[in-house]
Each structure stands twice: as C-alpha cells, then as structure tokens.
C-alpha cells in the first residue's frame with residue numbers, strides 16, 4: 001500500500017493503533033468518572049496520537065474525494081476512521097468552560113468523516129448539514145414561524161422507526177465485527193476478508209457519527225439558550241445558598257371545582273387549589289410540615305427534646321390558664337349550688 005511504502009507506514013499504523021486503543025480504554029474503562037485525572041490523561045494522549053496520524057494522512061494524500069473506493073488499498077481503509085475517532089475522543093474532554101468549543105470541534109470531525117464516506121459511496125445515509133442548526137441564522141427566526149420548528153408526528157414516528165432500524169443494524173454489525181476481529185488480528189484473513197472487516201468498521205462509525213451529530217446539535221441548542229457557551233456553568237463562590245424559585249402568578253382557589261370556574265375567565269393564568277399550592281410550596285421547602293419540629297443547625301437531640309418539652313409546658317400552662325379563666329367566667333354567671341338538684345327546697 002501507498003502508506004506502508006512511504007517509509008512512515010509502521011509509524012502511522014502505530015499512531016492509529018495507539019489512539020484507538022486509548023479511545024477504547026476510555027470508552028469501556030473501569031474508572032467510574034470520565035473526569036478522573038488518569039482517564040483525562042488517556043484522552044490527551046489519544047488525541048495527540050490521532051492528530052499526528054491525521055496530519056500524516058494529509059501529507060500522504062491518502063484519500064481524495066474524486067477517487068473510487070476500489071482505488072483505496074485494503075490496508076489503508078482503516079485510516080478513513082481517523083476523523084471519527086478524533087471526534088469521539090474530543091467529546092470525552094471534561095473542561096466545562098470549553099464545552100461549546102469541544103462540541104463544535106467534534107461535530108466538524110464527525111462531519112468530515114461522513115463527507116468522505118459519502119464521497120466513496122460508503123453507507124447509504126443523508127449527510128447532515130455542515131454546521132449545527134442556528135449557526136447560520138442565529139439572529140433570524142426560523143422560516144415559517146415557531147410551528148415550522150415543531151417536527152410533525154409523522155416525521156417523529158418515521159425517525160423513531162429509523163432509530164430502531166439503526167439500533168438493529170448496529171447490534172448486527174457489532175456481532176459480525178466481534179466474530180471477524182479475532183480472525184483478522186490472527187493474520188489468517190485474506191485481503192477480501194480484511195477489506196470487508198474494515199468496511200464493516202466504517203459502517204459502524206457512520207452510525208455512531210450520525211447519532212453523535214444529532215446529540216451534539218441538541219446540546220449546543222441548550223448551551224446557547226443558556227448563554228453559557230464560554231463561561232463555566234458552576235456558580236461563582238459565595239452564592240452557594242439555595243436560590244428560591246419565584247412564584248409565577250396564579251389564582252388560588254379553595255378546591256378543584258372552583259379552580260375550573262376561575263380558570264375559565266383567565267386562560268393565561270393557571271389556577272391552583274390551596275392543597276396544590278401547599279403541596280408545591282412544601283416540595284420547594286418553603287412551607288415546613290407542621291408535624292415535624294424544625295431543628296436549627298447544630299442542635300443535639302437532647303436540646304431538641306428540651307425545646308419540645310418547654311414548648312409543651314408553655315402550651316399546658318396556656319391551657320391551664322384558659323381553663324381557670326373559663327371557670328372564673330362561669331362562676332360569675334352561675335350562683336353557687338346551681339345545678340345541684342339534691343337540696344331542692
């Protein structure tokens with residue numbers, strides 16, 4: 001093959017193999033968090049190896065958009081995967097302040113890979129737009145007003161069907177790749193089998209790239225709407241105390257029947273029964289359940305019991321006082337011996 005003949009062959013093959021191995025270790029890693037320093041080291045090393053390999057492929061001019069698939073040597077087919085692997089590893093970076101930048105870069109890599117595959121007639125798929133939605137027309141509203149942005153139910157159903165199909169194909173592909181992989185790696189496969197194996201890998205990555213571009217586009221819309229593309233999403237220091245959500249205006253009603261009546265006149269304002277309101281506030285932690293005594297921070301169980309005891313005594317005193325008062329009032333209005341039926345006379 002051309003690559004092997006260029007004297008950089010083994011080095012290029014080694015770089016691809018290393019980048020790929022590191023990606024697999026990160027993807028199926030034992031570490032619970034992608035953010036762990038050891039994992040992020042692998043991400044950096046993998047990106048470095050893959051970038052160097054990609055630069056070599058550029059220099060060697062291995063692929064061009066106006067040549068046929070048959071013209072690519074079987075051993076070189078695997079280098080088509082470079083941009084897809086780069087995209088996948090780019091997404092594994094965890095620096096939140098640069099998230100938008102990473103998403104854009106990964107999307108561009110996946111798109112380049114798909115563009116190349118489509119020019120070689122690999123896989124039957126629609127090439128997604130070159131830039132994420134909202135890039136080219138960030139200022140102008142979507143044509144046809146907001147309803148145009150709402151996908152129709154038919155479109156949603158067919159895209160769901162397409163997803164199910166894609167999922168089945170993906171599983172099938174993975175099974176075939178697994179059974180062929182060991183055979184190819186053992187060096188027993190002939191050129192046709194090697195070629196088929198690499199083309200299956202490319203097809204698997206086409207599916208992955210289409211899925212990733214879809215989820216990147218969704219995440220970018222969310223990031224842009226928050227306006228947190230560039231700055232980290234963590235709040236500044238000193239604002240750790242919980243921010244209470246402001247109440248939206250609504251009509252408070254006694255019960256559901258009343259809610260119906262009041263709701264009819266003010267379609268813009270939601271109605272809410274007292275119970276609903278109380279429940280909502282309780283969930284937000286604004287109204288404390290009256291049954292559970294609220295404990296101030298740093299108070300021990302003994303102190304809490306003492307407080308409750310004192311409160312009970314106060315309530316008992318209050319009750320005793322009220323009884324005494326009631327008794328006095330009663331005595332004022334009833335002569336002594338009132339109601340005593342025995343000594344009639």
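First residue shown is number 1, and so on along the chain.
The backbone N, Cα and C atoms fix where each Cβ goes, and this holds for glycine too.
Automatic, uncurated: that is what TrEMBL annotation is.
TrEMBL lists region 'Disordered' at one of the ranges 100-127, 128-155, 156-183, namely 128-155. Per TrEMBL, the listed range annotated as region 'Disordered' is 226-245 (candidates: 226-245, 246-265). Look at the compositional bias 'Basic and acidic residues' (303-312): DSSP puts its residues at 10 helix, 0 strand, 0 coil. Taking H, G and I as helix, E and B as strand and the rest as coil, DSSP gives the compositional bias 'Basic and acidic residues' (320-335) the counts 14 helix, 0 strand, 2 coil.
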